[in-house]
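Pasting the feature list from TrEMBL:
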| type | residues | note |
| --- | --- | --- |
| ACT_SITE | 71 | active site, proton acceptor |
| BINDING | 18, 30, 78, 96, 97 | ATP binding site |
| BINDING | 30, 78 | divalent metal cation binding site |
| BINDING | 49, 50, 51, 52, 71 | substrate binding site |
| TRANSMEM | 33-51 | transmembrane segment |
| TRANSMEM | 98-123 | transmembrane segment |
Ligand SMILES: Nc1ncnc2c1ncn2[C@@H]1O[C@H](COP(=O)(O)OP(=O)(O)OP(=O)(O)O)[C@@H](O)[C@H]1O
């Protein structure tokens, strides 16, 4: 491999490292993210137990990824606001509130996906358990 390509390749690997470090640090500092981690495990467990379709797995994967992405972006915005405006400022508050609103919207949408995907098979399973 030519030295120029090797340097670029090392740069790409380092970028992955920084990205994972960002996720690890956010997990350590943000209780919300730890809740998302638990919710992710529960959703994957439910999907396996209820044997949902490939299409439903795709919807669940997108929803999980979108909620994590929204929460990580919210954390990044909060961190930046704390750096730029440690003192009270209405615009700083608005930025944090709008970012939190984005997370809330995504979490609600993911909740709807969860209800639509898990609702019917869970209902069938519970009915079968009651009649057996
Ligand atoms: N510098 C500031 N200026 C004005 N209002 C702020 C400022 N910092 C925070 N606030 C207000 O207080 C609320 C809570 O802020 P905080 O920094 O605790 O964020 P948070 O949304 O509770 O984040 P988390 O719970 O994830 O740490 C914000 O949503 C905002 O309305």
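Indices start at 1 and increase along the chain as displayed.
Backbone N, Cα and C define each Cβ position, glycine as well.
Note: TrEMBL annotation is automatic and uncurated.
Remember, predicted model here, so these are calculated numbers, not experimental data.
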For residue 50 (substrate binding site), just count the other CB atoms lying within 10 A of its CB, please.
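Other Cβ atoms found within 10 Å: 16.
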Among the binding-site residues 18, 49, 52, 78, 96, which residue has the fewest other Cβ atoms within 10 Å of its own Cβ?
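Looking at the binding-site residues 18, 49, 52, 78, 96, the Cβ with the fewest others within 10 Å is that of 18.
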Among the recorded positions 30, 71, 97, which residue has the fewest other Cβ atoms within 10 Å of its own Cβ?
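Lowest Cβ count within 10 Å among the recorded positions (30, 71, 97) is 97.
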If one looks at the chain holding residue 51 (substrate binding site), which residues at least 6 apart in sequence have a CB under 8 angstroms from its CB?
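Those within reach of residue 51 (substrate binding site), by Cβ under 8 Å and sequence separation of 6 or more, are 121.
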Based on Cα coordinates, which of the following binding-site residues are within 10 Å of residue 71 (active site, proton acceptor): 18, 49, 50, 52, 96, 97?
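None, since no candidate lies within 10 Å.
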Work out the three-state DSSP category of residue 78 (ATP binding site).
helix
Widest Cα span across the ATP binders 18, 30, 78, 96, 97, in Å?
27
Report, in whole Å, the straight Cα-to-Cα distance of residue 52 (substrate binding site) from residue 97 (ATP binding site).
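Counting only the Cα atoms, the answer is 36 Å.
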DSSP on residue 49 (substrate binding site), three-state: which is it?
helix
